[in-house]
Amino acid sequence: MMSPHWNLAMNIEPSSEGLALAHCRQHFLLGPRGPLFPYRLLQAQGLPVLVEHMLGSFDGGPVRLLELESPVEVEGCSWRTLRQLMLESDAKTFQLLGYATQIGTWARQHRFCGSCGAPMMLLPGERAMHCAQCEEQYYPRLSPSMIVLVTRDDEVLLARSPRFAAGVYSTLAGFVEPGESVEQCVMREVREEVGVEVRHLRYIASQSWPFPHSLMLGFHAEYAGGEIVLQPEEIEDARWFSLADLPPLPSKYSIARYLIELYRARRLGFEEPLLPS
Ligand SMILES: NC(=O)c1ccc[n+]([C@@H]2O[C@H](COP(=O)([O-])OP(=O)(O)OC[C@H]3O[C@@H](n4cnc5c(N)ncnc54)[C@H](O)[C@@H]3O)[C@@H](O)[C@H]2O)c1
Ligand SMILES: [Mg+2]
Ligand SMILES: [Zn+2]
């Protein structure tokens, strides 16, 4: 597994040195040299900053996040979605942007207490917002989600959501609901989305996924019965594909791709892929 090149370190000494990202609702400001700007340069733009967070260090220097109220125009720059940047970035930059977008989203959504409505303050030394009235802490939100490759010998069940790029098929995924285990979620989502039953669940690996704040828990599961019935609206198509003839797959940074390539490698005796970090 690849180890991160940047470190979470909130206690970096305040100074106006280092780099910064400008983020607003899963979009990043992009300059001629990418999404990372000298902090001083961004500060000088008079941007509508909602909150500022120290993210950590990246290639040895501090990186801040400026969460903006709106995606204002900046000369010589444009705004790009995190999804576009995923396609254009190297792994460590995507990891930094994924982390930044989760912190920015949480910071934007937790300025006021959800219980009493009072303005909240950042707890010193922690990534948490604090309501003094309720004595309540709000940490960044994470949504556990399962992702599963359903297998039947040398075939795998892949599906398309109407949101996917043309031709792309992927594994099944879904959010864990209150009161259920991840295993129950796998069984339920597979039944709901494609109408089939699975058995012999095997946990493979996990991945932080910043769209918008999922923690993906990845499985392989064996087909146990039933015909494919598509869930209306959610699933546009689902089919069995032979491992020798797979359709276009999702991003190389996705655990979906990893689960498929890992199974193929194990069945066909190829070298196993590396887990995207
Ligand atoms: N990294 C990967 O390889 C990969 C691949 C596929 C999906 N995913 C992610 O898995 C997650 C779940 O997949 P899905 O979209 O198929 O889920 P899903 O099948 O549960 O359906 C999505 C719907 O569930 C509802 N929902 C329930 N709980 C929710 C919550 N906590 N947050 C948001 N919506 C919730 C919403 O109505 C939403 O439209 C998403 O974050 C998606 O981006 C990651
Ligand atoms: Mg789903
Ligand atoms: Zn409160």
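First residue shown is number 1, and so on along the chain.
Here the Cβ of each residue, glycine as well, is placed from N, Cα and C on the backbone.
Residues or ranges marked as substrate binding site by TrEMBL: ARG83, GLU126, TYR139, GLN207, SER208, TRP209, PRO210, PHE211, PRO212, HIS213, SER214, ALA256. In this structure, PRO210 (substrate binding site) belongs to neither helix nor strand by DSSP; it is coil. The Cβ of PRO210 (substrate binding site) lies under 8 Å from the Cβ of LEU82, LEU97, GLY98, TYR99, THR101, GLN102, each on the same chain and at least six residues away in sequence.
Feature annotation from TrEMBL assigns Zn(2+) binding site to CYS113, CYS116, CYS131, CYS134. DSSP gives CYS131 (Zn(2+) binding site) a strand state.
TrEMBL lists 140-263 with the feature domain 'Nudix hydrolase'. Note on the domain 'Nudix hydrolase' (140-263): its mean pLDDT in the predicted model is 98.
Annotated divalent metal cation 1 binding site per TrEMBL: ALA173, GLU193, GLU234, in sequence order. For GLU234 (divalent metal cation 1 binding site), the Cβ neighbour count at a 10 Å cut-off comes to 16, with all displayed protein chains included.
Annotation source TrEMBL lists motif 'Nudix box' at 174-195.
Annotation note: GLU234 (divalent metal cation 1 binding site) sits in a coil segment as assigned by DSSP. Residues or ranges marked as divalent metal cation 3 binding site in TrEMBL: GLU189, GLU193, GLU234.
Taking Cβ-Cβ distances under 8 Å and a sequence gap of 6 or more within the same chain, the neighbours of GLU189 (divalent metal cation 3 binding site) are MET146, VAL148, LEU172, ALA173, GLY174. Residues or ranges marked as divalent metal cation 2 binding site in TrEMBL: GLU189.
DSSP gives CYS113 (Zn(2+) binding site) a coil state; it is part of no helix or strand. Per DSSP, the motif 'Nudix box' (174-195) is made up of 13 helix, 2 strand, 7 coil.
Looking at CYS113, ALA173, the binding-site residues in this record, the fewest other C-beta atoms within 10 angstroms of the C-beta turn up around CYS113. Around SER208 (substrate binding site), the C-beta neighbours below 8 angstroms that are at least 6 residues distant in the chain are GLY98, TYR99, GLN102, SER214, LEU215, MET216. Neighbours of CYS134 (Zn(2+) binding site), defined as other CB atoms within 10 A of its CB across all chains, total 13.
Non-local neighbourhood of CYS131 (Zn(2+) binding site): CYS113, SER115, CYS116, ALA118, MET120, GLN137, TYR138, each in the same chain, at least six residues away, with C-beta under 8 Å from its C-beta.
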